[in-house]
């Protein structure tokens, strides 16, 4: 409602925002809950919440800040649909972060107090009796089984990560992956078909296909407005206009003189009749020429000044005029963009006449012409912002460089996969690419932060601590988001399908990089963490046990 009061309109693309923000919120919830379960239940609720916020807070802050910056940059793009979507999503990210930090943490505190008071999980007004020893033993046995299973998986995982062979295999796979995705990026097409704006079962689709395959192929008319004609009585003025007309008629995809509508062509012979053979341009015959029945239709092609100016042969008699000529066989948007750029290049050669080019679909062409430079600049700015955030939270050259490379690798995969998913570069896909940049940081930032903050001398123990802290909630968040977003796949609309494909791509690639690629890279590179400050050393939160063996906490299975 606040955004609507600022004058932003509700667009169809906004309907995707709730699903995207839910995916971010679910990610944060899993991290919060996992950090809460890793605290000791015997601690005071205040201490448990302090440890939870210290453990999960930085990760959530990093991801929220990167998402906000990624879409905040999109607000400054010139495409209305993109900056409107980015504005809605940026506001949603702010509310999501505030609710996670303040509201959800308060809910966890209430749950912790209920647990400490031995209240029933479903009927908080009922106090449960002391646990029976058999039940307690049964609960402990089950939790030990779950933890032992997770520890075995984690041990095997760490062994694979620390292996030299895994580094060689990863290098081969990544080189092949980068080569294929780079090839895909080089072949991305720019275009926005009218068919993409309708549902697959829309009754308008046959008409749209008819327009594309028949009408576009047959052609259309391009209008050239001469906004500053000057004094046409000059000897070189009319020949220059005719030269411009000839250049348009003979350029690529043009029909030729048979399709031209130019008022000067009948007017000059009319002047010759009045001047007894001389066809030098005269202003004084313009009013009577356009009043004649056979020439009246040409009056729509000119903007005349005062009648007295025409009689006095003043150039102000003719303020501006337009001529049209036909083109054909420009079916695809690539061909339309090429001819539009060709026309505009011709117009640039005659800046003194202030020519304006208009074609019925030029409004779409203008959007597509700027989509590539806008995408490049926006993506570059977003990536720079991501790097600055990583430097702020993990001020280590190794973690910053590796995380940046991982983000670039994820986005290279998303961008390169557009070709294989039959997605063109258009305002809709550009919006999803901004989303992909923000989402890609989520998985990278989580594992990087926990790897950086671990106070272990052994590299193996540091990686183990990072995976034990974040691997399970990251997997839960990623899989749950992909499952929930698959519901949108039932909607047969191009816009929704693009979001589904890109979200699945970025989450899948993000989990692979966060859970496999980065840990192997961390294991292969040296890491010297800067010494802790006095404030950090005296901080209230011992986030990890003093032993070098981290564990994955299993949630309590029996409600108190």
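Each position is counted from 1, following the chain as shown.
Each Cβ is built from the backbone N, Cα and C atoms, and glycine gets one as well.
Between the listed ranges 53-81, 82-110, TrEMBL ties the annotation transmembrane segment to 82-110.
Within the same chain, residues 2-3, 8-9, 11, 13-14, 16-18, 20-21, 24-25, 28-29, 32-33, 36, 45, 49, 52-53, 57, 60-61, 64, 67-68, 71-76, 427, 430-431, 434-435 sit at least 6 positions outside the transmembrane segment (82-110) and bring their C-beta atoms closer than 8 Å to a C-beta of that stretch. Put simply, of 12-36, 156-180, 400-420, the stretch with the most CB pairs closer than 8 A to the transmembrane segment (502-527) is 400-420. For the transmembrane segment (368-393), the residues of the chain that approach it from at least six positions outside its boundaries are 58, 61-62, 65-66, 69-70, 73-74, 77-79, 190-192, 333, 337, 340-341, 399-400, 403-404, 407-408, 411, 425-427, 430, 433-434, 437-438, 441, 445, 448-449, 452, judged by C-beta separation under 8 angstroms. Listed by sequence, the residues of this chain that lie at least six past the ends of the transmembrane segment (400-420) yet keep a Cβ under 8 A from its Cβ atoms are 174, 177-178, 180-185, 187-189, 379, 383, 386-387, 390-391, 394, 429, 433, 436-437, 440-441, 443-445, 448, 501-502, 505-506, 509-510, 513-514, 517-518, 521-522, 525. With DSSP states grouped into helix (H, G, I), strand (E, B) and coil, the domain 'SSD' (1-110) comes out at 91 helix, 0 strand, 19 coil.
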